[in-house]
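Residues or ranges marked as active site, proton acceptor in Swiss-Prot: 23. Marked as active site, proton donor by Swiss-Prot: 101. Sequence annotations record features per position, and here Swiss-Prot assigns substrate binding site to 75, 81, 88, 102, 103, 112 based on sequence analysis. The annotation site 'Transition state stabilizer' is assigned in Swiss-Prot to 18.
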């Protein structure tokens with residue numbers, strides 16, 4: 001059994017109502033509940049945290065090094081394009097992570113095309129709406145099974 005951590009960046013608390021044509025109609029609570037259920041069905045635990053504050057996400061990443069977290073799933077949202085501190089935190093704890101995006105940032109505004117995390121991620125899944133999270137979790141579960 002592995003302990004997994006799912007982090008959501010800024011404005012994802014507005015899922016379901018914020019630009020549903022871009023981000024879909026699923027709420028964050030619905031996404032989290034489905035993922036927790038899937039992780040449990042595979043014999044793992046999944047903790048979820050959303051924050052609009054970068055330092056809260058950084059501190060949670062730091063804590064992951066000590067709490068037995070095996071893998072981090074992260075949708076950094078707008079911090080994707082701006083946060084050296086998230087990058088440094090993820091590299092500092094040395095845990096594998098998957099970068100997740102509901103939309104495909106490469107089909108959007110040019111400022112969204114650069115990620116400070118992608119080159120260090122175990123994988124990047126984007127463009128599939130709420131299914132991006134499910135696909136990321138399935139990839140992590142498969143990796144854990146392969147490596148065990």
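Cβ atoms are placed via backbone N, Cα and C, with glycine included.
Where Swiss-Prot records a feature, it is marked here on the structure.
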residue	record	Cβ contacts under 8 Å, 6 or more apart
18	site 'Transition state stabilizer'	11
75	substrate binding site	7, 8, 9, 12, 99, 100, 101, 102, 132, 133
88	substrate binding site	none
Those recorded positions listed as 81, 101, and which of them has the most Cβ atoms within 10 Å of its own Cβ: 101
Count of other CB atoms lying within 10 Å of the CB belonging to residue 103 (substrate binding site): 18
